[in-house]
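Quick look at what TrEMBL lists:
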TRANSMEM  20-39  transmembrane segment
DOMAIN    42-75  domain 'Connexin N-terminal'
TRANSMEM  76-97  transmembrane segment
TRANSMEM  128-153  transmembrane segment
DOMAIN    141-208  domain 'Connexin cysteine-rich'
TRANSMEM  185-209  transmembrane segment
Amino acid sequence: MNWGVFEGLLNGVNKYSTAFGRIWLSLVFIFRLLVYVVAAERVWSDDHKDFDCNTLQPGCTNVCYDHFFPISHIRLWALQLILVTCPSLLVIMHVAYREAKEQRLREACGDNYCRIYPNPGKKRGGLWWTYLLSLIFKAGVDVTFLYIFYHLYRNYTLPRMVKCELPPCPNVVDCFISRPTEKNIFTLFMVVTACVCVVLSLVEAAYLIGKR
């Protein structure tokens, strides 16, 4: 990863965000992205390897794992983080488009031209709508993934043992999940931080509408 480019993007998002947006960005970067990269990936690294079933029937363990874990937590979180951070980049792109338009007008008309955007980063007109829609989209993404997690893993928890009777298993077999307590703690942490991010996005949207 090119950290210089990443730092530039973060500075751009901070520059054009409100106070609520800066808190949201800090929460996502520190409590979601860093926790995901530093700790969560390692916790789930052995989920398939250490998923043990009390049978030697070939294929039974793989079939049972696929049934109870259709999508890994870690891959869902990666997709969630990508989708939830993209709208902030759209705001930066919109501001860059305004600045480029001002630059082209300056080059064509000279320094005494009539400015279209006195402050390209000020949230007015189309940029206001872009920023507001980005907030709604971010909240919608988090809510959607919270529902997906709840639908796949009831109450956001993993049991210590699951019973599987899918073919080619010869009968009902007991399967044991690797480190369920530790995984439940990380899942609860990510769910709580996602809920806080949803609240922050909605509060910021209300703030923008009320200020306008």
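Every residue, even glycine, has its Cβ placed from backbone N, Cα and C.
Remote same-chain residues near the transmembrane segment (20-39) are listed as 10, 13-14, 74, 77-78, 81, 84-85, 88, 138, 186, 189-190, 193-194, 196-197, 200-201, 203-204, 207 (criterion: CB distance under 8 Å, separation of at least six residues from the stretch ends). Confidence for the domain 'Connexin cysteine-rich' (141-208), expressed as mean pLDDT, is 89. Residues in the domain 'Connexin cysteine-rich' (141-208) partition by DSSP class (helix H, G, I; strand E, B; coil) as 44 helix, 8 strand, 16 coil.
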